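Copied from TrEMBL, the annotated features are:
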TRANSMEM  12-31  transmembrane segment
TRANSMEM  89-109  transmembrane segment
TRANSMEM  129-155  transmembrane segment
TRANSMEM  176-203  transmembrane segment
TRANSMEM  318-339  transmembrane segment
TRANSMEM  359-377  transmembrane segment
TRANSMEM  397-415  transmembrane segment
TRANSMEM  442-466  transmembrane segment
TRANSMEM  472-493  transmembrane segment
TRANSMEM  537-559  transmembrane segment
TRANSMEM  565-583  transmembrane segment
TRANSMEM  733-757  transmembrane segment
Amino acid sequence: MSALSEAHTQLLIPVAALVGIGFALLQWFLVSKVKVSSRDSSNGYKEKLIEADEEEEGIDNLEVSIKCAEIQHAISVGATSFLFTEYKYLGVFMCVFGVIIFLFLGSVRGFSTKSEPCAYNQGNICKPALANAFFSTIAFLLGALTSVLSGFLGMKIATYANARTTLEARKGVGKAFITAFRSGAVMGFLLAANGLLVLYVSINLFKLYYGDDWGGLYESITGYGLGGSSMALFGRVGGGIYTKAADVGADLVGKVERNIPEDDPRNPAVIADNVGDNVGDIAGMGSDLFGSYAESSCAALFVASISSFGISHDFTAMSYPLIISSMGIVVCLITTLFATDLFEIKNVSEIEPSLKRQLLISTVLMTAGIAMVSFFALPSEFTLFNFGTEKEVKNWHLFFCVAIGLWAGLVIGYTTEYYTSNAYSPVQDVADSCRTGAATNVIFGLALGYKSVIIPIFAIAIAIYVSFSLAAMYGIAVAALGMLSTIATGLAIDAYGPISDNAGGIAEMAGMSHKIRERTDALDAAGNTTAAIGKGFAIGSAALVSLALFGAYVSRAGIKSVDVLTPKVFIGLIVGAMLPYWFSAMTMKSVGTAALKMVEEVRWQFNSISGLMEGRTKPDYANCVKISTDASLREMIPPGALVMLTPLIVGTLFGVETLAGVLAGSLVSGVQVAISASNTGGAWDNAKKYIEAGASEHAKSLGPKGSACHKAAVIGDTIGDPLKDTSGPSLNILIKLMAVESLVFAPFFAAHGGLLFKLL
């Protein structure tokens, strides 16, 4: 038995989650102390003005603060109304898909309410399939609601913090950095703690019915991961289409045709662009990483439930994935203090090293944390389910599994940073290629993206080999959890980027001094790289998560081995490898279609609204927001349907073996496409920023803004936008979601699947 008692475990997990929530609220309180003034029709001013700063001489501080508040309000209203509209659609989807889960799983035994022999322990009697259908549906709805809540809370704190970051930039880059980072930490800790708490409470409530039937209990809990990821898919795709339609429209007309700065208030698409940062990069990413966390936990719990932990009812060992996550919250809390309280940022060059330090500190501390958890929460020896056989495992084996996942995440993060940061030669080479126009820029950018796949794939391959050798499929599941164990820090770093981006936009629109804009640009440039690191983590963890889910699916579907030489499997493999391309084609085309409408609208406004270019009249921001909203809601449905329907159609018509092939194929090709797309887009973006900043002699020789080199870089950045913010990040959800959906529906496919082959 474990050294840690069940009573201690039952106390430890909720306390860690509540500490995470408490810390998030503390960070929010500290951010809220930065006051934004805003006009109110009855009271004059709602909140008192931030302290004036001597560096803003010659500019009316009161007027600037009021402008900041107005812009912040417009962004917040736009983001909130879009998410509410999106969630109405998703509410309908949740209800319909919940009914599908219940009907499919309930029909496995003809909606019988009789108890039946257990799937993995034939001597025992387990709860009926109908109960599994009901509780899987409940878990799906809980996962979906938690995912939606994660995204919405992240968006709210981001829109709350953007103007505050702008105003703090008047006091210095250090103050602005702390405000942006604390705001990101609010999202990170709320998401990690909420995900853990809801999962923990769900398990304990489900246990009241299931009793000793832990196999049935944890099988139904897999619905939690399905709910989280299905919401994330629509959030990522819908938000990605929204943000990139606005971004491409704003850049092509504003910067290339009209030669006005990014985020210039004369640009009609500028508010839609800033709203997009929040609904795509914040709300979509929050739901995405929550989905990864939920799925890796569910995969590990399911495999453990059919191993010695579940059979001997050792709750502490069973809860090992949850205790790892609890330790992660504590480690990330300590790590955050290094950025906000222990080290002060004095100048621009310290921003990126500080963010990278966060990754390293959290990884080192978490390694020690994993060792403690593995020693206290696990028996010294135990057996794990390994495709019908039992594998003897020691507790230190699992320490290495989790640790290798954690360190593989760091390797992927740092590799991504090397290929997407303009501090290193790959992005500088891309920038230099702009001398000869946009075509060479595109060629260099694509080559960089393909090359950036090599090291992450080796890191994932080594993590898979070591963890599988030590602890079979359970090892891979906890390796994925290891990569996500520092999710609170990862999300804080990731959310910091869009908040800084918005802060820069608000500074430009409010007419603040060049010095302030330089500071917010420096924050934004570091944020671009950290966003790419976050996407690297999300893709790397998705590869491990989907492989663990694949193993759980194969076990649950009763497949003894997946033989590539059988035609049933091979046709699945080749079709599965094609799916990421089909999905990417849909999302890219959607961005292109929406961007086309946006470009036409922005051009029309510049041509027909008199005095717009001179700044005498305001553009119609609302119409651009409407174009992005309508396009994203309409266009997110076909890619979402492709992902959600593929496992159902393949499993029902072709059976469990063909579906196993589809899952393997989509995993293998999806990871490569996702990494290259994200890094290509990130590199083009930072090549453009490298030229704009003009921080080195080389960069100055390519600039300034508006030069032929800069215009070529803007075109590359515009092509890269849908790659890095729509197709790339959405692909990791595709490979996870198809795997978790297959696992949830595995009992139905095993009982009734393969209709076509049965007819033949």
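Even glycines carry a Cβ here, placed using N, Cα and C.
Contact between the transmembrane segment (733-757) and the transmembrane segment (537-559) is supported by 3 or more Cβ pairs under 8 Å, counting only residues 6 or more apart in sequence. The list of residues near the transmembrane segment (472-493) in space but at least 6 beyond its ends in sequence, with Cβ under 8 angstroms from a Cβ of it, reads 20, 154, 181, 184-185, 187-189, 191-193, 285-286, 289, 292-293, 296-297, 299-300, 303-304, 307, 320-321, 324-325, 327-329, 331-333, 335-336, 355, 358-359, 362-363, 366, 369-370, 384-387, 391, 393, 397-398, 401-406, 408-409, 463-464, 466, 530, 533-534, 537, 540-541, 544-545, 547-548, 551-552, 555.
Against the transmembrane segment (176-203), stretch 129-155 shows more Cβ pairs under 8 Å than any other of 89-109, 129-155, 442-466, 537-559, 565-583. Beyond its flanks by at least six residues, the transmembrane segment (565-583) meets 639, 642-643, 646, 650, 654-655, 657-670, 673-674, 727, 730-731, 734-735, 738, 757 of its own chain at Cβ-Cβ distances under 8 Å.
Highest Cβ contact count with the transmembrane segment (537-559) among the listed stretches 12-31, 89-109, 129-155, 442-466 falls to 442-466 (criterion: pairs under 8 Å).
Sequence-distant neighbours of the transmembrane segment (442-466) (same chain, 6+ residues past either end, Cβ-Cβ under 8 Å): 400-401, 404-405, 408, 411-412, 415-416, 419-420, 426-427, 429-430, 433, 475-476, 479, 536, 539-540, 543-544, 547, 671-672, 675-677, 679-681, 683-684, 687, 715-716, 719-720, 723.
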